[in-house]
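Enquirer: Structure provided below as structure tokens; questions to follow.
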Ligand SMILES: Cc1cc2nc3c(=O)[nH]c(=O)nc-3n(C[C@H](O)[C@H](O)[C@H](O)COP(=O)(O)OP(=O)(O)OC[C@H]3O[C@@H](n4cnc5c(N)ncnc54)[C@H](O)[C@@H]3O)c2cc1C
Ligand SMILES: Cc1cc2nc3c(=O)[nH]c(=O)nc-3n(C[C@H](O)[C@H](O)[C@H](O)COP(=O)(O)OP(=O)(O)OC[C@H]3O[C@@H](n4cnc5c(N)ncnc54)[C@H](O)[C@@H]3O)c2cc1C
Ligand SMILES: Cc1cc2nc3c(=O)[nH]c(=O)nc-3n(C[C@H](O)[C@H](O)[C@H](O)COP(=O)(O)O)c2cc1C
Ligand SMILES: Cc1cc2nc3c(=O)[nH]c(=O)nc-3n(C[C@H](O)[C@H](O)[C@H](O)COP(=O)(O)O)c2cc1C
Ligand code: FES
Ligand code: FES
């Protein structure tokens with residue numbers, strides 16, 4: 001695993017995916033070592049008067065040959081806005097890699113990835129890594145969104161396995177929320193592991209389903225962070241062993257350890 | 001005279017003059033009314049975490065036909081750096097016009113403009129206005145700098161009248177400071193008015209010379225400002241009638257009123 | 001339509017947005033920018049019995065998300081104000097308050113007496129919290145007995161609205177607030193500036209002629225909010241909140257914490273239109289949240 | 001060559017840069033970023049006699065040029081520290097101080113007694129200024145008698161360097177500083193966080209689970225500098241300054257105001273390399289200004 005480092009990464013490309021999502025590919029000046037899906041970066045945003053602290057983003061992909069890291073960023077406020085507006089060639093100051101990744105499944109296991117919003121970022125990285133390593137794992141991905149316009153990266157998931165979707169307005173896939181999809185509602189026992197990342201209510205609903213049928217389940221949390229590497233104790237979540245830091249003990253947690 | 005206003009001005013052009021000086025031409029969305037040489041603007045710099053207050057800059061020129069205002073900016077710190085790096089097309093938030101201009105000479109008078117650094121900005125604006133108005137005034141400009149590389153706009157001044165220069169290393173014009181130039185040292189009585197803008201020690205030296213031979217002299221001060229329009233009382237200078245605001249009572253002062 | 005009107009004791013404000021003393025001159029300087037009648041009120045600059053030259057230059061310094069000032073109450077004295085400035089303020093259809101300071105209790109009292117006679121001035125803001133003058137000023141506002149003494153004395157001679165402006169440079173601002181409430185303050189306004197300092201590392205000199213000065217701007221907002229919240233738990237009289245308010249969201253936060261009205265100070269330097277934008281922004285906020293009256297915001301923080 | 005060494009009482013620091021308690025974990029988390037031995041010292045997180053869970057999430061909020069925290073001294077207690085963490089800190093060739101808190105004088109004393117036995121811990125920083133715990137904490141640091149009581153009691157049982165960390169939430173920090181100096185403090189460190197608050201206007205809720213919390217970062221620097229300056233006029237023991245130090249210029253400012261050493265806190269979140277960059281920056285500054293020893297900076301503000 002790669003040690004934590006602070007580096008200026010150069011924006012190689014900045015692609016707008018839809019109204020408010022951008023994909024940034026960042027060139028690292030140092031050799032990237034192994035980074036686990038689920039790990040994240042913490043980015044400094046100097047060109048805004050309201051971004052004193054860094055902004056955390058999941059790692060969306062690593063290209064060890066090009067030596068690049070990709071981020072999948074939704075423009076929700078000043079920090080993400082400056083980042084999604086960064087032109088190619090400019091540098092961004094990044095602390096990475098932070099936190100722990102998802103646990104790998106065993107051979108032949110069937111796994112279900114349940115994502116919503118920018119929560120698909122670490123899940124897609126995970127799916128691609130599993131695929132790349134040629135592990136004999138059966139990957140199913142369930143992506144939920146409000147409308148079909150908000151669904152992203154279905155094709156990318158499709159390259160790694162089966163894809164399902166739900167939309168609240170029924171414009172694509174099953175109408176409703178992810179928990180209304182048969183994969184979660186009826187067939188969950190058929191999976192060995194469920195991994196989820198997205199809005200907290202979604203993850204809680206997925207966790208409840210998994211707990212009900214006693215299926216292994218990991219979720220990736222997004223608590224507000226001040227440092228991102230375990231020194232401030234601001235990002236805690238309540239676990240069966242007390243307050244734990246989302247940044248260093250997580251962001252990936254087994255739901256057995258959470259007090260949900 | 002134009003009323004004070006807050007406007008977003010669009011950068012029409014941003015020309016680098018030398019290592020650290022830029023010329024910005026800004027397009028106003030409102031019709032520009034009469035602006036006096038010596039008046040200034042106050043610019044907001046949002047893309048920096050260390051520029052809470054606005055930054056004041058002399059108006060370097062106004063094109064009433066194109067409806068543009070020009071600024072002559074030296075990159076000395078975060079605010080001026082962001083401004084000199086602003087690409088064409090971007091907008092800057094500007095409060096203008098502020099303060100009072102230089103007093104106009106009478107017909108046939110001989111005037112001497114003494115400038116250093118970015119202090120030449122309001123003086124050149126003044127010279128051009130006098131020229132444009134076809135007033136029968138004899139304009140002489142004396143520009144001082146450290147080296148010939150730091151001398152700027154001599155040609156522009158030359159289009160308005162006589163130009164002299166001094167450099168500390170003697171690489172151009174008279175070797176020494178402006179006060180070593182014969183125009184100031186020996187021939188000052190030949191002028192009806194002296195106007196000066198530049199580093200404060202330079203202006204004080206010019207003022208001392210002018211006072212010695214009792215020649216009319218106006219200087220343009222650059223005290224630190226918080227508001228720029230007379231409400232905070234932070235920018236005061238000591239005058240014969242007490243503390244006066246550089247932003248509203250100045251920035252142009254007759255040296256008779258200053259306690260230099 | 002939403003109702004923006006608020007009452008601060010016997011003061012009727014068409015909206016909760018005022019501007020802060022020392023940051024708004026006599027208001028007239030802002031007339032190019034907007035119609036002052038759009039404000040709930042404004043507080044003119046710190047006024048004293050006798051004229052004061054204030055402190056030497058430099059009087060200001062920029063700091064992270066804020067600024068220091070050490071103006072030191074430069075003003076031409078209350079008589080000059082009454083004779084030369086006041087006539088130009090009579091035309092305004094909004095609440096014009098005068099901020100009053102002094103070095104002794106007697107000076108406060110005499111100054112208040114003069115202002116009591118000015119028909120179109122519905123109230124004074126008693127500044128017992130200015131960190132930028134050598135005698136009096138802040139020292140009145142940092143202990144209960146001295147705060148009580150000056151408020152009690154002014155209350156005796158001043159009939160109209162008496163707002164008392166509190167210093168944040170204290171261990172317990174609630175205690176001072178309770179003390180001035182007990183001796184007749186109609187409202188409290190807070191916070192004045194935090195006593196602070198800036199140094200230029202290169203020249204090794206202080207950036208202010210007075211070494212220390214008052215910190216204002218967004219940097220102090222979290223401290224100001226906390227103090228408004230604490231004072232709201234401690235007193236029954238209305239609170240006017242300020243300290244770093246830059247936009248309508250900031251203003252709403254102060255009201256949620258317990259302020260009935262707010263004042264905009266330093267923001268006006270950064271954006272002269274800030275005060276009116278805040279009036280408009282509060283109106284938008286109320287519409288968006290389907291709140292009928294701005295008074296419903298006051299102290300309505302959800303715990 | 002310039003000399004970066006400073007002495008804080010009987011503590012020898014290779015340079016004046018330490019890191020601040022609660023912002024540096026146990027140091028170990030920073031080892032990926034730089035060699036901790038490059039620091040003059042570091043202060044490990046707030047330690048109490050018994051384990052504490054700290055406050056519920058959310059515990060932090062971003063504010064203009066700063067942040068609020070309400071961690072509430074989460075730690076596993078001094079015994080756990082002595083047995084499990086301390087052995088991993090022994091290897092460091094720099095001053096490792098433990099920040100000690102308590103709810104009662106007895107807790108402070110017992111905690112200090114345990115640390116007194118740890119050979120490689122040359123001192124404690126007595127935190128009488130934490131705004132984030134219900135009992136004790138800051139209340140000890142906001143009045144002279146209680147500050148004296150805890151310092152006097154700890155002094156009796158603690159032989160090594162006793163640094164007392166002062167609260168900025170007081171009317172007169174000089175008085176508290178003098179009080180703790182009189183009862184045996186070897187040095188004072190300041191400032192701890194300013195009690196503050198943040199609200200989300202949209203949800204109408206406080207941003208911290210505890211409603212109020214502690215403000216740190218560049219926003220507080222002007223207040224911290226002022227307090228260091230005031231305390232420097234009031235006491236003879238060395239001062240360790242902190243509050244918003246982001247770079248070497250900030251550090252130099254604190255030393256000019258009277259601090260013999262400084263601590264870097266929140267800056268480490270924004271730039272984990274800040275502490276070492278500050279060491280390097282101070283060295284550059286001294287060379288540029290042709291100052292031989294960093295101690296020549298202390299209190300050398302030019303008035
Ligand atoms: C481990 C982790 C991984 C993340 N991965 C991604 C990702 O891959 N792509 C992506 O677009 N976003 C991701 N986020 C969320 C991202 O950090 C926030 O959207 C961003 O910080 C918002 O900053 P801003 O300045 O744009 O908006 P702000 O104005 O700061 O906030 C806008 C909204 O975002 C929320 N927010 C602010 N800071 C955080 C924070 N630190 N954590 C969670 N929510 C916050 C605020 O409550 C507010 O509702 C992740 C967060 C965490 C903790
Ligand atoms: C009336 C007036 C007219 C001016 N005209 C011009 C001009 O035409 N062209 C130009 O390049 N500059 C001009 N200046 C100076 C310009 O305002 C400063 O260079 C600028 O504010 C520096 O900002 P900064 O963020 O780049 O640097 P900072 O880091 O803020 O400061 C860098 C240096 O500039 C000094 N400085 C900062 N703010 C001010 C201020 N408000 N006034 C004076 N000095 C300051 C600082 O003391 C420091 O030495 C003028 C200033 C005034 C008051
Ligand atoms: C330049 C300046 C001058 C001030 N003068 C006064 C004054 O005369 N009387 C007063 O009570 N407060 C004065 N204040 C304090 C403000 O009224 C206000 O309390 C403080 O600035 C906090 O609000 P803000 O952060 O919105 O500016 C002054 C503030 C500034 C910045
Ligand atoms: C997240 C966080 C936790 C803190 N915990 C402690 C603590 O346990 N003990 C203590 O004395 N100070 C604590 N502090 C205060 C800092 O040590 C320091 O005094 C303060 O943050 C000001 O310095 P800064 O602005 O450089 O951060 C904490 C500060 C932060 C931001
Ligand atoms: S964000 Fe600081 S410990 Fe997790
Ligand atoms: S800068 Fe505010 S009065 Fe001149």
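Cβ from N, Cα, C; glycine included.
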Enquirer: In TrEMBL, the [2Fe-2S] cluster site includes A:227, A:232, A:235. Which of A:217, A:247 does it also list there?
Expert: A:247
Enquirer: Summarise the model's confidence over the domain 'FAD-binding FR-type' (A:4-105) as a mean pLDDT value.
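Expert: Mean pLDDT, the domain 'FAD-binding FR-type' (A:4-105): 96.
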Enquirer: My list of binding-site residues is A:55, A:58, A:247; which of them have a Cβ under 8 Å from any chain D Cβ, in sequence order?
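Expert: Cβ contacts with chain D under 8 Å: none.
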Enquirer: Give me the long-range Cβ neighbours of residue A:56 (FAD binding site): same chain, 6+ apart, Cβ under 8 Å, in sequence order.
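Expert: Counting only residues 6 or more apart in sequence, the Cβ neighbours of residue A:56 (FAD binding site) under 8 Å are A:40, A:41, A:42, A:43, A:98, A:222, A:225, A:228, A:247.
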Enquirer: Report, in whole Å, the straight Cα-to-Cα distance of residue A:55 (FAD binding site) from residue A:232 ([2Fe-2S] cluster binding site).
Expert: 15
Enquirer: 10 Å Cβ neighbour count around residue A:232 ([2Fe-2S] cluster binding site)?
Expert: 29
Enquirer: Using DSSP, how many residues of the domain 'FAD-binding FR-type' (A:4-105) fall into helix, strand and coil, respectively?
Expert: 7 helix, 48 strand, 47 coil
Enquirer: For the recorded FAD site, whose residues are A:55, A:56, A:57, A:58, find every other residue on that chain with a C-beta no more than 8 angstroms from the centre of their C-beta atoms, and list them by sequence position.
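Expert: Along the chain, the qualifying residues are A:40, A:41, A:42, A:43, A:71, A:73.
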Enquirer: Including all protein chains displayed, how many Cβ atoms other than that of residue A:247 ([2Fe-2S] cluster binding site) lie within 10 Å of its Cβ?
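Expert: Looking across every protein chain shown, the total is 28.
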Enquirer: Among the binding-site residues listed here (A:55, A:57, A:58), which has the Cα closest to the Cα of residue A:227 ([2Fe-2S] cluster binding site)?
Expert: A:55
Enquirer: Long-range neighbours only, meaning 6 or more apart in sequence with Cβ under 8 Å: which ones does residue A:58 (FAD binding site) have?
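Expert: For residue A:58 (FAD binding site), the qualifying residues are A:38, A:39, A:40, A:71, A:72, A:118, A:121, A:122, A:125, A:197, A:220, A:251.
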Enquirer: Just to be sure I understand the contacts, which binding-site residues have a Cβ under 6 angstroms from any atom of ligand 4? Candidates are A:55, A:232, A:247.
Expert: A:232
Enquirer: Scan A:227, A:232, A:235, A:247 for binding-site residues whose C-beta lands under 6 Å from an atom of ligand 1 and note them, or write none.
Expert: none
